[in-house]
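> OK, TrEMBL features for this one:
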- D49: active site (ACT_SITE)
- C52: active site, nucleophile (ACT_SITE)
- E237: site 'Linear diubiquitin binding' (SITE)
- H262: active site (ACT_SITE)
Amino acid sequence: YKLSVSPEMDIMEYCRKEWRGNTPVAKRMRKGYEAVAQKFASIRRIRGDNYCAFRATLFQALSQATQLPSWLQSEDFTMLPENLLNKYDWIKQWQLKQKPGKKMGEISDEIQEYLMLLRKKWKNISEIKDPIEKQEACDKLFKNEEEEYSLYEALKFLMLNTAIELYNDDKSGKRVPVFSWLLFARDTSSNPCQLMHNHLNHIGHSGGLEQVEMFLLAYALQYSIQVYRLYKYSTDEFITLYPNDPQEDWPVVTLITEDDRHYNVPVRMCQETRL
C-alpha cells in the first residue's frame, strides 16, 4: 500500500527540507517555492510513478469540483469505446495496464466501466458541500489503487478521443489549437493511431506525459492546467498554462513541478489571494 497523495505540509518547510544547498539550482528552486507560497500555504506530494501528471490533475479537479462537467453528462459518453471501435479498427491495439496483451475488442466493456466510474466518482464528490468531507472523499478515492488506475485508463481513452477529433477537424479545414499541430508534427505521432501506439499505450508503464500531451489532457478534461515550473523561475515560462488560450468558462487547476516530469499539488490558497 503506497500513499498516492501525501498529507499536506507547509510549502516553505517542504522547500527547506528538499533544497538545502547553495547551488544555483537550489537557490532558484527556493525562489520558485517562495513565489508559490505567496498564493498557497501548503503542498501535497504526489506519488511519483508515470501516472503522476494524471494523479495531480485529477486530484485537484475533484477536490474543487462543484458540478459534473457537461461532457460527462452527455448521453453518448459511455458509448465512446463502442463508437470509436466501429470507426477505427486500429483501436483494438489499445493496451490496458492491468491487462497487458488483451486486445481492445475484448476490453471495450472494461473501458466503458472505467468511464462510468469516472462519471460516478465525479458526480458523488461534486455533490459534497462540506469542504472537509469533500477532501476526505478525495483522499479515500486516491487510496484505492484499483479504482485510481481505472480512472487513469478512462483519462487516457478520453485523450485518444480528443486527439481523433482534433486530427479530423484539422483535416477537414477547421481551426484547431496550435498544440494540435505540434502533437501531430512529431515523427512518433503523425496521426492518432501512432499517438496511441507510441505514446498513450506507454503512459503509466514506461513514460509519463510529455509537455504537448499536457495540452491534450487539458482539452480532454476541458480544464485549464496552470503549472508552476520551478526550474523556469524568473523566465516567462515560470507559470505555464495548458492550454495557453483556454476557454473562459474552463475551471483552473494548479500544479507544481521542478522538472516537467514529476508533479505535486499546492493546496490552501492564502486568504488575501482569495478576496
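Glycine residues also receive a Cβ, built from the backbone N, Cα and C atoms like all the rest.
Curation does not apply to TrEMBL; its annotations are automatic.
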> Ten-angstrom check, please: count other Cβ atoms within 10 Å of the Cβ of H262 (active site), all chains counted.
18
> What number of additional C-beta atoms lies within 10 angstroms of the C-beta atom of D49 (active site)?
14
> So how many other Cβ atoms are close to C52 (active site, nucleophile), meaning within 10 Å of its Cβ?
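The Cβ of C52 (active site, nucleophile) has 22 Cβ neighbours within 10 Å.
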> What count of other C-beta atoms do you get within 10 angstroms of the C-beta of E237 (site 'Linear diubiquitin binding'), across all chains shown?
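That number is 11.
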> When the Cα of E237 (site 'Linear diubiquitin binding') is compared with the Cα of each of the active-site residues D49, C52, H262, which one is closest?
H262
